[in-house]
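Enquirer: To start, I am sharing the structure in question, which I have written as structure tokens.
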Amino acid sequence: MSQHRASEIPVLSEEVREALARGKPVVALESTIIAHGLPRPRNLAVGLELEALVRAEGAVPATIAVVDGVAYAGLDKAQLERIANGEGVRKLGHRDLAPALATGATGATTVSATAFLAARAGLRVFATGGLGGVHREWARTQDESADLSLLARTRITVVCAGVKSILDVPGTLQRLETLGVAVLGYGTDRFPGFYLADSGEPVDWTVHGPEEVAAVMAAQDALGGADSALLVANPVAREQQLDPALHDRVLAEALAECRERGITGQAVTPFLLGFLVRATDGASLEANLAAVRGNVRLGARIAGSWAARA
Ligand code: PSU
Ligand code: MN
């Protein structure tokens, strides 16, 4: 079994290493969305497309995953293919990293594991689709994503389209407040609903450009104290959102099916996402992709503004 030197976790790609050394913008990308959030074979194309979007904005992508017991920030094509196509690719939250490294496992990293590894590598901006959160059956299952508590103690800016409506959205916002994670609406005073531009919930702060986000990041650092994250909630464009009526109907069906089948734990999110894709004839997937693309573009611009301040 390989030894893990703390200084080499995660192992940086040449491109990421050089960008960090030169103070160029870098955007961390998670891999669970590729391995477990999107259907094959489209997932590989999307993984590559997201990296290309980051580059088109003048930043360097750092997709994060664990391959054969080694954590990487910046994957080559073969590694990305392993994550997208491989059987036995595990879903790794932050707590799974040590066992995965020690046993030589291969896995995709969730928001919690990605944020942890990205911050460890000195990356400051991370773009994803939706954050994990409080599940609707929380009172019975106690299922709250480890994303939330990890973000309460990790200094990183996460661009997301809110949390998926399969979750308890007000409950998740409440937990973020309790945990001390600041939430900024990007060009909106509404918390986005992932597939929908508006979840129906308000946010307390609205920002209007990447420079303003970078200014908030600088103020966080100036304040010091708890190393909490900054959430930038970036709504999908209204023209690209899922039809709200279709959304509400299919969501109710998905939740009922999940309950009937007794699906629990880590399997819940992938099950519900897959159900929505099938039941909307792929429309939820298109809204999902539109949201992620927008977040990745915005993440690259924020990383650019952040790098320009240094
Ligand atoms: N939201 C999505 N797609 C996803 C996820 C969330 O739109 O694939 C993934 C993210 O990686 C997130 C994880 O960190 O699900 C949360 O999983 P859990 O609820 O098991 O913590
Ligand atoms: Mn969970």
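Backbone N, Cα and C define each Cβ position, glycine as well.
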Enquirer: Name the residue, out of Val111, Val125, Val159, Val163, that TrEMBL lists for the same substrate site as Lys91, Ser145, Ala146, Asp147, please.
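Expert: Between Val111, Val125, Val159, Val163, TrEMBL records just one in the substrate site with Lys91, Ser145, Ala146, Asp147, namely Val111.
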Enquirer: Given the substrate binding site residues Lys91, Val111, Ser145, Ala146, Asp147 in the record, what is the largest Cα to Cα distance, rounded to whole Å?
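Expert: Between the outermost Cα atoms of Lys91, Val111, Ser145, Ala146, Asp147, the distance is 13 Å.
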Enquirer: Fewest other CB within 10 angstroms, which one of the recorded positions Glu30, Asp143, Asp147?
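Expert: Result for the recorded positions Glu30, Asp143, Asp147: minimum number of other Cβ atoms within 10 Å at Asp143.
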Enquirer: So if I measure Cβ to Cβ from Ser145 (substrate binding site) and keep only same-chain residues at least 6 apart in sequence, which ones fall under 8 Å?
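Expert: Looking at Cβ-Cβ distances below 8 Å from Ser145 (substrate binding site), excluding near sequence neighbours, one finds Thr110, Val111, Ser112, Leu131, Gly132, Gly133, Val134, His135.
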Enquirer: Do any of the recorded positions Glu30, Val111, Ser145, Ala146, Asp147, Lys164 touch ligand 2, in the sense that the CB is under 6 Å from one of its atoms?
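Expert: Checking each Cβ against ligand 2, the ones under 6 Å are Ser145.
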Enquirer: Taking each of the recorded positions Lys91, Lys164 in turn and counting other Cβ atoms within 10 Å of its Cβ, which one has the fewest?
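Expert: Among the recorded positions Lys91, Lys164, the sparsest Cβ neighbourhood within 10 Å belongs to Lys91.
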Enquirer: Under a three-state reduction of DSSP output, how is Val111 (substrate binding site) classified: helix, strand, or coil?
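Expert: Val111 (substrate binding site) sits in a helix per DSSP.
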